[in-house]
Amino acid sequence: MITKRIIPCLDVKDGRVVKGVNFQGLSDVNSPVELAEYYTKNGADEMVFYDITASAEGRKLFTEVLTEVASKVFIPLTVGGGINSLEDFDRVLKCGADKVSVNSGAIRNPELIRQAAEKYGNQCVVLSVDAARVDGTYRVFAKGGRENTGMDAVEWIRESVERGAGEVVLNSIDTDGVKQGFDLPMLKAVCEVVDVPVIASGGAGCIQDFVTLFQEIPTVSAGLAASIFHFGEVAIPDLKKELKKNDISVRL
Amino acid sequence: MIRIIDYGVGNLFSLRSSLRAIGIDADYTGNPAEIRKADKLILPGVGAFRDAREALRSTGLDRVVQEEAGKGKPLMGICLGMQMLFDRSYEYGEYEGLGLIPGEIVPMEGRIPKDLPIPHIGWNELMLKQPSPLMKNTANGDYVYFVHSYYAETPAEYVIATTDYGVEMTAAVQKDNVSGCQFHPEKSSEVGLSILKAFCEL
């Protein structure tokens, strides 16, 4: 049976992981390569790297680091951040990314999804959406969640999947950072309208939040989180054991 | 000497890196002479069947691959590369494959339960169907990483492993010197590396 995926997400700036990660045995807590190796050994099913660099110089460092990660870690790697064109897809895919996540770039130019899906296949195009409740509906936010686009999130996701997005990462701004659990109503609304895998993001604070996620919404394919993994609040091996105990299929 | 066939489709970087990790230096090449010189060949591929098939045809590499496989050279297809080993595919139309293994590539849509997402993305268990050199280091229940929306329907005699995604789906195949994995061994961590190693040791 297909397993539910657990995905740690790392923010990278100028080729270094932002906010050092506190694990014993790491000699360099800001090294994307060391962290990728650590997570791979500890049960991560894939990893997401977000490049939050603004400068061209930093971009170059990111691709160098990505190349090194991809030559040492053999699980799927998704890369996002600053993906605005097919050239950007090309740049990260050549360095070993398996999937490319688009967010603001697709909002500015929705056809980017179609073009990328035609060139690299749907499986390569991950739509990442930051959404929040505004007047009772879910709205899409751009620029790292700072700008309300006014677009309806469920409709945007449905359209984007039609254009060729092969996977959706839904990050709820409302639950992000609150650590009280994933945004189940928002995830349900999205899972009802798309048939591609949906990855839940934003809000996980403890192991039970993942158990609840997969029990309440069996069609959700994966759970993504950052700080709770990085700061050791949730260890992935413990998380997976608990999921298994609750009859949720995981790779152990 | 192992060569990865480069016909402009797919992420060859990871494949080469994973082979390097098990001590195999496998360059990619689209040069027919290099392909003919190789002891073993890997045919990768991602994206749509039609485009990949056309890329192989327009470069003339389809004939080279067919001829080399015909001589008994070990050939392994990965993902879309595996799908191309078969007679035909029904992805966005009907397209001829390389015809090295009998069978066809059919869509999951309409064949699997409606509540399962398509594509089939993620780690799933292998069920071994018969002993094979490719899976000599692999156990029943080992997890590998899949990404696909179509799968191979082929006579049971060629199926060496399946996986359960609502229906029992072909995961790995072998007919004499020609083999293939629907999943990505180069993205399947230790289990995947052990399968690549087994191929290299053929």
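Along the chain as shown, residues are numbered 1 onward.
Glycine too: its Cβ is placed from the backbone N, Cα and C atoms.
If you check TrEMBL, you get these features:
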type	residues	note
DOMAIN	B:4-198	domain 'Glutamine amidotransferase'
ACT_SITE	B:CYS79	active site, nucleophile
ACT_SITE	B:HIS184	active site
ACT_SITE	B:GLU186	active site
Check the domain 'Glutamine amidotransferase' (B:4-198) for me and report the mean pLDDT.
95
I'd like the number of other C-beta atoms within 10 A of the C-beta of B:GLU186 (active site), please.
28
Please report the distance from the Cα of the residue listed as 'active site, nucleophile' to the Cα of B:HIS184 (active site), rounded to the nearest angstrom.
6
Would you mind checking how many other C-beta atoms are within 10 angstroms of the C-beta on B:HIS184 (active site)?
25
Could you say whether, by DSSP, B:HIS184 (active site) belongs to a helix, a strand or a coil region?
coil
B:CYS79 (active site, nucleophile) CB neighbourhood, other CB atoms within 10 A
27
